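Per Swiss-Prot, these features apply:
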| type | residues | note |
| --- | --- | --- |
| SIGNAL | 1-21 | signal peptide |
| TOPO_DOM | 22-1272 | topological domain 'Extracellular' |
| CARBOHYD | N89 | N-linked glycosylation site |
| CARBOHYD | N109 | N-linked glycosylation site |
| DOMAIN | 114-158 | domain 'WAP' |
| CARBOHYD | N172 | N-linked glycosylation site |
| CARBOHYD | N322 | N-linked glycosylation site |
| CARBOHYD | N335 | N-linked glycosylation site |
| CARBOHYD | N417 | N-linked glycosylation site |
| CARBOHYD | N585 | N-linked glycosylation site |
| CARBOHYD | N713 | N-linked glycosylation site |
| DOMAIN | 788-900 | domain 'SEA 2' |
| CARBOHYD | N984 | N-linked glycosylation site |
| CARBOHYD | N1050 | N-linked glycosylation site |
| TOPO_DOM | 1294-1318 | topological domain 'Cytoplasmic' |
Amino acid sequence: MLRTSGLALLALVSAVGPSQASGFTEKGLSLLGYQLCSHRVTHTVQKVEAVQTSYTSYVSCGGWIPWRRCPKMVYRTQYLVVEVPESRNVTDCCEGYEQLGLYCVLPLNQSGQFTSRPGACPAEGPEPSTSPCSLDIDCPGLEKCCPWSGGRYCMAPAPQAPERDPVGSWYNVTILVKMDFKELQQVDPRLLNHMRLLHSLVTSALQPMASTVHHLHSAPGNASTTVSRLLLGLPRPLPVADVSTLLGDIAKRVYEVISVQVQDVNECFYEELNACSGRELCANLEGSYWCVCHQEAPATSPRKLNLEWEDCPPVSDYVVLNVTSDSFQVSWRLNSTQNHTFHVRVYRGMELLRSARTQSQALAVAGLEAGVLYRVKTSYQGCGADVSTTLTIKTNAQVFEVTIKIVNHNLTEKLLNRSSVEYQDFSRQLLHEVESSFPPVVSDLYRSGKLRMQIVSLQAGSVVVRLKLTVQDPGFPMGISTLAPILQPLLASTVFQIDRQGTRVQDWDECVDSAEHDCSPAAWCINLEGSYTCQCRTTRDATPSRAGRACEGDLVSPMGGGLSAATGVTVPGLGTGTAALGLENFTLSPSPGYPQGTPAAGQAWTPEPSPRRGGSNVVGYDRNNTGKGVEQELQGNSIMEPPSWPSPTEDPTGHFLWHATRSTRETLLNPTWLRNEDSGPSGSVDLPLTSTLTALKTPACVPVSIGRIMVSNVTSTGFHLAWEADLAMDSTFQLTLTSMWSPAVVLETWNTSVTLSGLEPGVLHLVEIMAKACGKEGARAHLKVRTAARKLIGKVRIKNVRYSESFRNASSQEYRDFLELFFRMVRGSLPATMCQHMDAGGVRMEVVSVTNGSIVVEFHLLIIADVDVQEVSAAFLTAFQTVPLLEVIRGDTFIQDYDECERKEDDCVPGTSCRNTLGSFTCSCEGGAPDFPVEYSERPCEGDSPGNETWATSPERPLTTAGTKAAFVQGTSPTPQGLPQRLNLTGAVRVLCEIEKVVVAIQKRFLQQESIPESSLYLSHPSCNVSHSNGTHVLLEAGWSECGTLMQSNMTNTVVRTTLRNDLSQEGIIHHLKILSPIYCAFQNDLLTSSGFTLEWGVYTIIEDLHGAGNFVTEMQLFIGDSPIPQNYSVSASDDVRIEVGLYRQKSNLKVVLTECWATPSSNARDPITFSFINNSCPVPNTYTNVIENGNSNKAQFKLRIFSFINDSIVYLHCKLRVCMESPGATCKINCNNFRLLQNSETSATHQMSWGPLIRSEGEPPHAEAGLGAGYVVLIVVAIFVLVAGTATLLIVRYQRMNGRYNFKIQSNNFSYQVFYE
């Protein structure tokens, strides 16, 4: 939107058509814009007047005296420039507005209007936040920038005066703009121009109403767009439909605006938008709200409000569940007979992130930041008061500290000011140096957004910088040892001189500051490497799954040391040690109810008997890697003694493993994490111990037997195991996990259940469980478990890459470079939705092998996300066909199902049969349930079981989609996850825009949900009905010239329109939901095709339009004569190079029009040194360019002698083109009779890529002017000599004829006279 006015002018002319090309003022303002006024302007203009002047000239007088000269009066006409006043009407911005591009906006000095937030600054109030500001947009949420103590700080606005009538009407307005958000930030860093343009458009469209507009948020949209959200206030309520109609005019008049959506705002959710007092109930209305006292009800309220309360009990059992790195769930109880509406608010510090109301007693929050402390306040109105309670929650993360001492800088006042230019430059350079020092695995985390780095403080001496590194779900064990390699590159920095002694990597101690952890005030905070855990000091922990957060009961008397009840060993008092690089010990505190203290190295502690049986011990981090809940809860009468029980050991990642001895058990978990936990919240199945009280009489050193094994919660990264076993003294279980893709993992536990996470998706794991006691090994149980993922196998043959022996070595640089190019090219050709799945890890591509012939790449596709397998396969096949730089042989490229049954990679138990399906398999129980001691909880053995395809994905589905802001998911306590959500038409239909046809895919689940028969569906005409059908989708296709499909084209876009209908019924009566949905595909006409470097001749390029709806595929080919030019071809100055640019797939009514072609000495199409040879679709004079055809067919051709007017030895060619569709009233042919150069302001922004180059042939100096050869020089000299000789001969002959010929020879007969002859 903020591009140059000339660019937008050309775009708008293209959009409205040539007939409206005059719709602009002389200043470039669009006549379709707002706030335009006519002004009478008087100014001086220059005009030319003809004036006759006389002067005296002396000429010859004539007569006998030739030198005599006489005066003569001579008259001549002179043209003088004079300035005269002229008045005329000029269309310009109205008073109070100024021009910005094509439109009129408020000036920047009125930023208080277009950057303001609702409400007013409080006259008196609490201390503001520490965030300094200059404008309201610098503050989070709805806070305002208010003056306070000589400065300006962010503060909560003052509440409005209470009124009985609605004081205003508020709406959410979402505007989608044709501008890439990153480009917008580059040209407008603070978005001030963007805000004032949106403000002017909205307020002008609603005139004469006095509206107020507040900018809330701008973010990147899909396919190079920007989404802006505004808060619109009107003086009186209007229906949402009326406001939407008024604002919809913006999209019709402003080319850069794609759409405008309007929604009602629930003013009751935001204290800043309603004036209801604490004793009143706020009732939301469309466009407004109503404040209701206890004695009255709103007459216009859509529902009856319960205004009487009998009791006001407090909110109890307020706990947090399912805490992850970006989400959590809160639940509570209220012992009341009334139905209450709860108001839940989430704060980050003093910033209000979200406010919501719900009638349930649970709420899920997603889209949060990792490692951040949040405060959740839940309240309800009762007995005329606000009954509330507050809970503190910190999202999971691993946090580390990096301290850097820089000696070549001094700490100054400007460096302490975070708004100064010096601080910005210093922080940017420092963070860049640290980022460059990251090892590869940490660098990948940083680029993927899973590692957040921030400067915490700057201290003197010279400059000591404290960095805080927050890691979210790294996917592998993360510890200080992982970050330690950054120290050596930092010390070698060329920008900063770093002191080795003052630079270190260490753990971030959350326990030092209460603002860094969420432990209860009645709990100890115990620091761990990368995280922390909490330990209640009371007699009861209300949430054992998150220990130390909700402590109840009496406090245990604090003591300096405690006596172990079993061993009598005195242990020292509790400490909060900090794990740093090189430390191997950790701090462990006793469980609730036991003496306080921490065992020293090599010591053991013995808890009292636990009242639970068959429980699970937490012996490692969970999959969120927080270390919380590391507290141990031992079974029944188990006793922990040093000789017989293993001692805890810590691997470099901070994971605590239990082994018999360190010498014999050094196998680490590597990427696999062990989590033994209670099964309550997670839904895992733990089997009870089969022993009774008599089982305690089992001999102490006899391994127990293992009974039935239950496998549950199988996801793409882990699963849960539980097994039956007798209870015995000194008995442990050893688990061995092996797979073909990772080393074996050995772990020991005394529990009968374990949860494994951090595994690779779609991998078959062999599990062995063995009971041990006193060094003796018992019976072994074996089973197979395959992590969930659908799998495809494929092969692609690449013609223009030669096979190298180095490809046999996967670690060689050539192999890695080729894979990097392959992945980058394939990803760049995938649609945006598929790229999002790949970025989120929902779809993974793994190269299995690279073999000869030319290059054959075999790969696997792992599909974890809830996306159709055929859609993934089709997307990758299309990407292979259109991938740039790589020439793919289509006939030898395929993607097919991966047969797990044939390859024996299924986990079906003996007695069941494996049946292969597309992307997965099923286990069928023929003849009843198998008699096998392994049971899969998600596989009911009744005929054909649902199999992997059913249970592999459901546990992975999140409650909400993580975004940039917190989002609420309203619900109650955990419910069964297998119930499918109801689909709407938008979510069930996917439109695939292809050249020459439109394809619509509809989910069958939606058709079954709405009872819509497949036979009733068609596109515009009944002949274009369902063409393909599988188990999940139906497909409908319509060609561009079939079934009444409409095609419209202008200078900018080609739009194909059809309609999805389902009113086709053989009986003539429709008994189902009727669908009448318009469908359109937009293709961008303006394309840029460049010639640049490639591995082989020819390039296919996909240029998507701004909406990503469709694309045209272009091809550029170079010839000399009829022979195509290979890569890096050399041509001479006299060679005519013929260039063809056109569409890859032929369509008779689509024409290609070249608009501009130029050459550059580098592969950068935007190189400042350019040589234009086609401009405004016509050849530029004196460039030896001849246009053969342009606008006549689906390809354009021209010839040129490129090195006849360019002195460089290497050039790259670039061309812009547009796609044109001929109609009876319009032609695409170009007329170059009235040629003019296209001005810079008329260029159009297009996508770019390079290919080439062309090289001047050897023997010609790169900078020599084009000259004549030696042969031509000889011919010219001879011709000149002949011409001179002939001219001399003619002159001599003429001279003789005019003067006669004299003969002085004496005649012999008469020698007395000389005879004269003429």
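Glycine is treated like the rest: Cβ placed from N, Cα and C.
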Cα distance, N417 (N-linked glycosylation site) to N713 (N-linked glycosylation site), nearest Å?
51
Rounded to the nearest Å, what's the C-alpha distance separating N335 (N-linked glycosylation site) and N322 (N-linked glycosylation site)? Just drop the number here, would you?
24
Cα-to-Cα gap, N172 (N-linked glycosylation site) vs N89 (N-linked glycosylation site), nearest whole Å:
39
According to DSSP, does N89 (N-linked glycosylation site) fall in a helix, a strand, or coil?
strand
Measuring Cα to Cα, how far is N984 (N-linked glycosylation site) from N109 (N-linked glycosylation site) in Å?
47
Measuring CA to CA, name the entry from the glycosylation sites N109, N322, N417 that ends up nearest N89 (N-linked glycosylation site).
N109
Could you check what DSSP calls N109 (N-linked glycosylation site) once collapsed to helix, strand or coil?
helix
Please work out which residue of N89, N335, N417, N713, N984 has the most C-beta neighbours within 10 angstroms of its C-beta, and give that one of the glycosylation sites.
N713
Fewest other C-beta atoms within 10 angstroms of its own C-beta: which of the glycosylation sites N109, N322 fits that?
N109
Around the C-beta of N172 (N-linked glycosylation site), how many further C-beta atoms are within 10 angstroms, looking at every protein chain?
16
Can you tell me the mean pLDDT for the domain 'WAP' (114-158)?
78
Between N322 (N-linked glycosylation site) and N417 (N-linked glycosylation site), how many Å separate their Cα atoms?
40
By DSSP, how many residues in the domain 'SEA 2' (788-900) are helix, how many strand, and how many coil?
46 helix, 33 strand, 34 coil
